[in-house]
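*Asks:* Encoded as structure tokens, here's the structure I'll be asking about.
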Amino acid sequence: MTQQDASAKAVRDGFTSSFGVLAATLGSAVGLGNIWKFPYLTGANGGAGFLVVYLLATLLVGLPVMISEIMLGRAAKRDAVTTLVQFSPRGQPWWLVGAFGVLAAFLIMAFYSEVAAWVFAYVFKAIGGSILSSDPAVTSAAFGQLVSDPVQSLLWQWLVLAFIGGILLMGVSKGIEAVTKKLMPILFLLLIVLCVRSLMLPGAAEGLSFLFTPDFSKISGAVILTAMGLAFFKLSIGMGTMITYGSYFRDDQNIPATTVRVMAADLFVSMLAGIAIFPAVFSFGFEPAAGPSLVFITIPAVFASMPFGHVFMVLFFVLTAIAATGAMLSILEVPVSVLNGRFGISRPKAVVATLLLLALIGSTCALSGSLLADFKLFGFNMFDLFDEVSSKLIMPAGGIALCLFVGWVWGFDKMKAELSNHGALTNEALLRKLFFLLRYVTPLLVLAVMLSGLGLI
Ligand code: PFF
């Protein structure tokens, strides 16, 4: 390491405490994926059978890829592109993983910030009581009105972007870490309150059995790809987010243990979200397979049907807004850190440039329900297209590339050095199993699922 490198590392912002690492990383994993995507995908794909496939994908694919990303990031202490440039043998284009990660960050944020926009709008609508009706026709009309109004859609999206940008401007430790440390405990508390409420409703058992009794008849290649895409999306992997966050990890952090904790807590939040939502949905006779609008149409109607529903509805949307915040911080940190670390652009300028570009790309999603409703590519509107391309193509392909990179280029010795904190942890047996997965099992599995899900085999 040159002296210049050493001093660059010394002043680099990062997470300062072990709890901060956990809060920020979990803040990235927990998001609309748990509260919006997970319930509607589980509902639409048959419940527990989908859940089993999702669990397998999380263990066999999610965990190894997530550990690898954090490991590479911490070893390099650089942004996602520079990390791969730094570790690649001359002439090999592994940095493309980081570059596609930046692309995926924009695509995901484009639709994610719009869903977050609806959530933030719903916090105020819930407080004002305008969405409090037990008639799904009324809640559906309210949602339709928001989505089809170009001005409201854009303004709420820009508001969300400005809010996230403000936190990012404060930096990694004083912004991301400080905010997620405060928000994550509140999120857990609110979720548990909602679960208890939902479980106390008459007929809750039917919702639980929908979530926990597997029916494998609905499982197809496409459904398996959806479940695996969800695992990538949930754990924020395959696009450099965890490389970026790994670069802020402390040197004494136990990476495999932290990753397992984050994965378990993320699953727990998804389960809690399922338990908060499905018993209530069944109890009031609503449709579990309502799709992406489940949270915005069905849930308000469900809340309106229960005593003190007004209060619980406000709590629910506040909770969802909190979850979305931690995730959006991590998505945007990918391009911001690349602009800053790789191109030497100051952090404030990097944040502003990223937000401006995003406001432009994101507007195609914000307007997908109104002015651009009929604008389609490959049969999808921009909102769905960005979602599909990121979760089903870029992230899994990035995951394959990362496995191959660690398994065949970086090698076991370097992996062992980094994941044992240079000998401070004794975990070699575990690392050997992990290495085997990375080298042979995970990349082939992801490839097979991608090909079959896309109908190519
Ligand atoms: N993991 C987040 C969620 O489940 O909502 C979404 C996400 C965050 C995806 C960060 C990708 C990412 F890089």
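In case you wondered, yes, glycine gets a Cβ from its N, Cα and C as well.
Heads up, here are the entries from TrEMBL:
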type	residues	note
TRANSMEM	15-36	transmembrane segment
TRANSMEM	48-72	transmembrane segment
TRANSMEM	93-112	transmembrane segment
TRANSMEM	155-172	transmembrane segment
TRANSMEM	184-202	transmembrane segment
TRANSMEM	222-246	transmembrane segment
TRANSMEM	267-286	transmembrane segment
TRANSMEM	306-329	transmembrane segment
TRANSMEM	350-373	transmembrane segment
TRANSMEM	393-413	transmembrane segment
TRANSMEM	434-456	transmembrane segment
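Quick one: where do these features end up spatially?
*Replies:* Cβ atoms under 8 Å from those of the transmembrane segment (48-72) belong to residues 25, 41-42, 83-84, 87, 210-219, 223-224, 226-228, 230-232, 234-235, 237-238, 240-243, 245-246, 249, 255-256, 258-260, 262-263, 267, 399, 402-403, 405-406, 410, 415, 418-419, 434, 437-438, 441-442, 445-446, 449 of the same chain, restricted to positions at least 6 beyond its ends.
Within the chain carrying the transmembrane segment (93-112), a Cβ under 8 angstroms from the stretch's Cβ atoms is held by residues 31-32, 79-85, 87, 233, 238-241, 243, 324, 327-328, 331-332, 334-335, 338, 357-358, 361-362, 364-365, 382-384, 386-387, 389-390, 394-395, 397-398, 401-402, 405, 409, all 6 or more beyond its ends.
Cβ atoms under 8 Å from those of the transmembrane segment (222-246) belong to residues 24-25, 28-29, 33-34, 37-38, 41, 45-46, 50, 53-54, 57-58, 61-62, 65-66, 69-74, 76, 79-81, 83-84, 97-98, 100-102, 104-105, 108, 255, 262-263, 266, 270, 327, 330-331, 333-334, 337, 390-392, 394-399, 402, 446, 449-450, 452-455 of the same chain, restricted to positions at least 6 beyond its ends.
Away from its own ends, the transmembrane segment (267-286) comes close to residues 30, 33-35, 38-39, 42-43, 55, 58, 134, 136, 187-188, 191-192, 194-195, 197-199, 201-208, 210-211, 234, 294-295, 298-299, 301-303, 305-306, 316, 323 of its chain (Cβ-Cβ under 8 Å, at least six residues beyond either end).
Long-range contacts of the transmembrane segment (306-329) within its own chain (CB-CB distance under 8 A, at least 6 residues past either end) are made by residues 24, 26-36, 109, 112-113, 115-116, 119-120, 122-123, 126-127, 129, 131-132, 160, 163-164, 167-168, 175-176, 179-180, 183-184, 186-187, 190-191, 193-194, 197, 201, 236, 269, 276, 280, 284, 295, 299-300.
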*Asks:* Sequence-remote contacts (6 or more beyond its ends) of the transmembrane segment (155-172), Cβ cut-off under 8 Å?
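*Replies:* Residues 13-15, 113-114, 116-118, 120-121, 178-179, 248, 324-325, 328-329, 332-333, 336, 347-348, 351-352, 355, 358-359, 362-363, 365-366.
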*Asks:* Mind checking which residues of the chain, 6+ beyond the ends of the transmembrane segment (15-36), have their Cβ under 8 Å from one of its Cβ atoms?
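*Replies:* Cβ under 8 Å, 6 or more out: 70, 112, 115-116, 119, 172-173, 176-178, 180-181, 183-184, 187, 230, 233-236, 241-242, 245, 248-250, 253, 258, 261-263, 265-266, 269-270, 273, 292, 294-295, 319-320, 323-331.
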*Asks:* Counting only residues 6+ away from its ends, which parts of the chain sit with a Cβ under 8 Å from the transmembrane segment (434-456)?
*Replies:* 57, 60-61, 64-65, 67-68, 221-222, 224-226, 228, 256, 392-393, 396-397, 399-400, 403-404, 406-408, 412, 415, 419
